[in-house]
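What TrEMBL lists as domain 'MRH' is 17-119. Annotation comment: TrEMBL describes 124-229 as domain 'DMAP1-binding'.
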Amino acid sequence: MAPSAVSGPAHLFRLAGKCFSFVESTYKYEFCPFHNVTQHEQTFRWNAYSGILGIWHEWEIDNNTFVGMWMREGDSCETKSRQTKVLLVCGKSNKLAYVSEPSTCVYSLTFETPLVCHPHSLLVYPTLTEALQRKWDEAEQFLYDELITEQGYKKILKEIFKEAGLLKATEEKEFEKRNKKIISLEFETVENCNKLKIPVLNVQVTNWQLQRRMFLMGQRMMSTCVEIQEFGMTLYEEIWVVKTISYRLLNAECIKVSKLSLCKITAESDLQLTFC
């Protein structure tokens, strides 16, 4: 497995191509930022261990801040691969300061560097392109206007981070696979929803309701079938409302859109609308 591309704060890129060592007991650990982490047993045993604890994979982001680097897909360890989380902390010099193994074959390294001492040095937003910053701004506005839930907001940010190359697409959970399959299907009819005994939410959207910021949608999220009709808006407004509803209805089973030449909604990275 090849390391992921160098990503994150630009001032950390200067660490690429360098390696830092730390010796504890009979083991020597070596951390090469944006490349890998290795471990070498310093004994005279014929089968002394020397191997890879993880290959550069992705960032860990918490509260919209870079908090660590994940090195994954290291040497096999029973039924799984070794992996390592590298925490970045402020220090006077670049050095590997601490190593532990909190759980079997999952390692934790602490790397000190003056490059992260500034309070803004690990913020995610400044590292994004203008286009991705606009997506983030839009998501913030949607959350403020209560058009999306906190869960929906986090989902959008995760997709932004993936698009920026900060996170890698991982194996989806079963319910996510199910939802993607449902959302990407061509719209079913309300009659089919009725046959399946799925609750139907008939949404009749008008301009005054748009001004209320789709408050109705926030109150009726238990429904799993939606019929949208009688928009009375411009095409742009219609698209915006459909996007909003689709972000909120993560468990939608069946959706019908009336008076729109809209065939399907796909959930690849950002929500995209496909027209007939």
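Backbone N, Cα and C atoms are what each Cβ position is placed from, and that goes for glycine too.
Model, not experiment: these values are computed from the prediction.
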Return the average pLDDT for the domain 'MRH' (17-119) as a whole number.
92
Reported in the order helix, strand, coil, what are the DSSP residue counts of the domain 'MRH' (17-119)?
3 helix, 67 strand, 33 coil
